[in-house]
Amino acid sequence: MSELWYTEKQTKNFGITMKVNKTLHTEQTEFQHLEMVETEEFGNMLFLDGMVMTSEKDEFVYHEMVAHVPLFTHPNPEHVLVVGGGDGGVIREILKHPSVKKATLVDIDGKVIEYSKKFLPSIAGKLDDPRVDVQVDDGFMHIAKSENQYDVIMVDSTEPVGPAVNLFTKGFYAGIAKALKEDGIFVAQTDNPWFTPELITNVQRDVKEIFPITKLYTANIPTYPSGLWTFTIGSKKYDPLAVEDSRFFDIETKYYTKDIHKAAFVLPKFVSDLIK
């Protein structure tokens, strides 16, 4: 009996391969090629344009680290925006913070939202929560129209290809600063230091010119290229490394802890060299 294997070609010379039980859905949306597959090792997985976006097995790492680092850094996050993130995982984590009154999700591709609800219910299950406002719209344009509106903005985008290209520009980061309140914080995924070191260097440079507090932190995500993933955080006022212990409270997580919050900012030398 033949086996089906799916390979994501992460660079010209490197990729990740996984055994597939069956294809759940495949579609060319208005913006990208969407695939939902059931894999033997990582459960149901979402691919966009052939790239792993999330899997049932390891999704918690990414979503917890995008959400909880800025939300514990800010003393009272009430209004939060997620740009991208149509799978709903970041929203699920945001709603674990009782201070949050409203979480807005803006994703350009409604099909990602639709099929995440269908095939990734453990990830997308909170998208229908009454505190959540889901908008199928261009995140770049949404930011451009917003001013002094959000406490925290999280950019949960794909890699800088296709519809996400504009989400890695200095103009976009300037728009985020305008959309944030005077003590606002933002975080964005910024890929990995093994295959895209220039991206990290460029994003950090641009964000540092806009936000007085700019830092890089990492997490280990098996299905993402190289397994070592980075996040850039920009803050107008609050330092993520100066959060008092009394501010941390217990939430249900699998990866994020008070100690991980601090340890994530300890970088290997070759990574810290990228942002000097």
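We count from 1, first residue shown onward.
Here the Cβ of each residue, glycine as well, is placed from N, Cα and C on the backbone.
The domain 'PABS' annotation in Swiss-Prot covers 3-236 and rests on sequence analysis.
Note on Gly139 (S-methyl-5'-thioadenosine binding site): other Cβ atoms within 10 Å of its Cβ, all shown chains, come to 26. According to DSSP, Gly139 (S-methyl-5'-thioadenosine binding site) sits within a helical segment. The feature S-methyl-5'-thioadenosine binding site is assigned by Swiss-Prot to Gln32, Asp107, Asp138, Gly139, Pro163.
Asp87 (spermidine binding site) carries neither a helix nor a strand DSSP state and counts as coil. Sequence-distant neighbours of Asp87 (spermidine binding site) (same chain, 6+ residues apart, CB-CB distance under 8 A): Leu46, Met53, Thr54, Glu59, Val112, Ile113, Ser116, Leu120, Ile123, Ala124. Swiss-Prot lists His63, Asp87, Asp156, Ser157, Thr158, Glu159 with the feature spermidine binding site, giving sequence analysis as the kind of evidence.
A C-beta separation below 8 Å, combined with a sequence spacing of at least six in one chain, links Asp156 (spermidine binding site) to Val66, Val82, Val83, Gly84, Gly85, Val90, Gln189. If you look up Swiss-Prot, you'll see Asp156 marked as active site, proton acceptor, on the strength of sequence analysis.
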_Can you tell me how many other Cβ atoms are located within 10 Å of the Cβ belonging to Gln32 (S-methyl-5'-thioadenosine binding site)?_
22
*Per residue, counting other C-beta atoms within 10 angstroms of the C-beta, which of the binding-site residues Asp107, Asp138 reaches the highest number?*
Asp107
*Cα within 10 Å of Ser157 (spermidine binding site) - qualifying binding-site residues among Gln32, Asp107, Asp138*: Asp107
_Rounded to the nearest Å - Cα separation of His63 (spermidine binding site) and Gly139 (S-methyl-5'-thioadenosine binding site)_ = 18
*State the count of C-beta atoms found within 10 angstroms of the C-beta of His63 (spermidine binding site), not counting that atom itself.*
26
